[in-house]
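**Q** Per Swiss-Prot, the features are:
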BINDING   R9, R10, D11, Y12, K69, Y126, R130, S134, R194, L195, H196  substrate binding site
BINDING   R64, I65, L66, L67, L68, K69, F79, T80, K86, Q108, Q143, S144, W188, R198  FMN binding site
Amino acid sequence: MTQALADMRRDYTRDGLSEAQAPDEPFALFHQWFADAVKTEQPPVEANAMTLATVDQDGRPHCRILLLKGLDAQGFTFFTNYQSAKGQQLAARPFAAMTFFWPTLERQVRIEGRVVKVTPEESDAYYQVRPLGSRLGAWASPQSQVIRDREELQDLLKATEQRFSDTQPDCPEHWGGYRLLPERIEFWQGRASRLHDRLNYRLQDSQWTRERLAP
């Protein structure tokens, strides 16, 4: 098994990333790369899937896959249960890192920064366009808590369906969005012989500085 893992590799030869291709600020490049991923990546890859890393109050890291649900000039938005493990971690230490990986394009984007809650109005607006099952699930699931078995979860959902049988569910107070306000964004383009292209943007005094990093 160890040798098999050691032999697993691929060479990246699809494209390069030069300073001439990169704008002065990172959002334009992210929009371009994300649009390329939407057009190019095929299921089961989801272009808006990302790894979100957080740190708990003891300094221990945690990561999981989430879906990006908003992007504007302020930052990158995702939604979750505020009482979940990640919600508690962000309450204790409001900083996070995101990583997008688009294997067909041989590209990766790393984003780091401070995290803030979005407004209740923004959370409600997104909540209302979710499928009904997802809206009910936000009420039914005590996310990250220990439950007895799958049947308990089904019972919680059934009770929630009965509760809202005559009305549409409102957005729960314990559920909503976070926005990561980027302070660093790195664009990685795979290249041959592991000599990858890495362009890094750092926010300093409200201005973005671009630099090339060694692979």
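Keep in mind that glycine also has a Cβ here, set from the backbone N, Cα and C atoms.
Mind running through what each feature is packed against?
**A** Cβ contacts within 10 Å of H196 (substrate binding site), excluding its own Cβ and spanning all protein chains shown: 18. In the three-state DSSP classification, H196 (substrate binding site) falls within coil.
Within its own chain, K69 (substrate binding site) has N48, T77, F78, F79, Y126, G177 as residues 6 or more apart in sequence whose C-beta sits under 8 angstroms from its own.
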**Q** If you count other C-beta atoms within 10 angstroms, which of the binding-site residues R130, R194 is the most crowded?
**A** R130
**Q** Please identify, from the binding-site residues D11, L66, the residue with the sparsest Cβ neighbourhood, meaning fewest other Cβ atoms within 10 angstroms.
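**A** It is D11 that, of the binding-site residues D11, L66, has the fewest other Cβ atoms within 10 Å.
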**Q** Once the DSSP letters are reduced so that anything not helix or strand counts as coil, what is R9 (substrate binding site)?
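**A** Its secondary structure by DSSP: coil.
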**Q** For the binding-site residues listed here (R9, K86), tell me which residue's CB has the most neighbouring CB atoms inside 10 Å.
**A** K86
**Q** Of all the Cα pairs drawn from R9, R10, D11, Y12, K69, Y126, R130, S134, R194, L195, H196, the residues the record ties to substrate, which distance is largest, in Å?
**A** 43
